[in-house]
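S.K.: Below are the structure tokens for one structure; questions will follow.
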């Protein structure tokens, strides 16, 4: 694959007999005019290392005397660009360009609406065209005045050039323009008759501008312009060059330069100017650096770079990914209130194809009193999405312009982590995002338990009348021994003893919920544990919901406390979602169990996570004391 996403470029030469198509090809190759010109030149391939754009180029001749109409149709279909050749001293050959060849190309390769089409609605050729006036050595003065109206009328004509196969004038330039028409096409960028950028080009450049406007003030400062220049072209602009750019924009626009730098209007003007001066490659370089293909759509590989997540592994953000997301939040939090209101959130996601987060966001992650995501809620939502659908995360990062030095894709923002289960190791889990499945039959209080992670009580949920719309996933950032962790809760309905799928069982920690006021409720979760979790290493916490009403004796072989003791589980945790009774210790306990999956706290008693915490802290303190004693002994040369 070449540097422009193409393997090669195929140039087809067409025109009337005797205009010099074959001579042009032979003169290019031999660098001298041939004494004997055959009816047709064989296909020639020019290696990438001798072409200006470093892409292999095939040059194809067509001869009506040796080839058929079927051959012509096949070659037109295969061509990336067509050079229509006429003789500058033969008006009939020029007339045939408009009467025969251009209509023929439009019929063989019509452009559809999806290709961009003509802005005026007429049918145009989907293949770019170069008008080539050969035999310029026979006239003292060219006839460009006759050609320019044709070029202006047909949108598919990229440019026109006069040359001479005999004197070698402009031959290399002709093939360079043909190659450039393929690699840097005009039609997707510019409407010649309107002297204006296409709407699709404007939309793409607006996204580029928004990404490069790092402080979100609507202007590109000198620092931001240099970062843009470095990203796209690998160089920085000197102060004099920056001032020259601003002066050009000021001379031609009223609002192109503001007090803080180059505005969007000025940015669009510069690219329109580049194209009008024939420097399409400048705009295309920018667009391709930001992921666009020849049709100004974001490339599939740019949106979804190859990322392999082996079975049993999960995905979360790397340090560079976190830094990028925090920078975006701070950039768009205009009022600096620590939350993103509706307008700020829309501004943040404006480079994306759609708004990815809905109005129910406040029921998934922490928000402020107005229902706007705080920084912690914003990061929790990103973490939740990345855990569940990393492909979607990569797509959004691409739209938002994620970029780090030395990489052009989003993979450096993602870390693939392996799930850590209990076994021999007692080390802390180095992951930062953990999934807890909250499992139990409908009606036992799983939804209120999940919403409790966000500090929402059952009374608030009842008032909102959103029971049927509440999300199944909830996420929040918690602190485990000073380390920031994100706990994801998944509300899983278990309708029967055989109702869980392997995906519903697989998690970092499971929370089995029963209704403390229902004497038959515990039996259900006990059977779930014995069937699905007893032989696994997944940490388990049993939660007795509706604890404020007073627990009743369970109609089961064993009471919950006895059952947990027998199976070396933490004691059942009484939970209430009533106002004034809601406590966060159960969520910290779940996050701690995820971070230290090797600990099976059968020795714990009581209903508070304090015992759990003291046990782990005690181990850490004992380990630290042992290390101190060992160093002291070595220092004293004892033992």
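Each position is counted from 1, following the chain as shown.
Note that Cβ sites are derived from N, Cα and C of the backbone, with glycine treated the same way.
These figures come from a predicted structure and were not determined experimentally.
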S.K.: According to TrEMBL, transmembrane segment applies to one of these ranges: 591-610, 611-630. Which one is it?
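M.R.: In TrEMBL, the transmembrane segment feature sits at 611-630.
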S.K.: Cβ under 8 Å, sequence separation of at least 6 from the ends of the domain 'EF-hand' (320-355): give me the contacting residues as numbers and ranges.
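M.R.: Here the qualifying positions are 207, 210-211, 214-216, 367-368, 370, 372-375, 377-379, 382, 396-397, 399-402, 404, 412-415.
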S.K.: If you average per-residue pLDDT over the domain 'EF-hand' (200-235), what number do you get?
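M.R.: Here the predicted model's pLDDT, averaged over the domain 'EF-hand' (200-235), is 92.
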S.K.: Is it possible to list how many residues within the domain 'EF-hand' (320-355) are helical, extended or coil according to DSSP?
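M.R.: Counts, helix then strand then coil: 20 helix, 1 strand, 15 coil.
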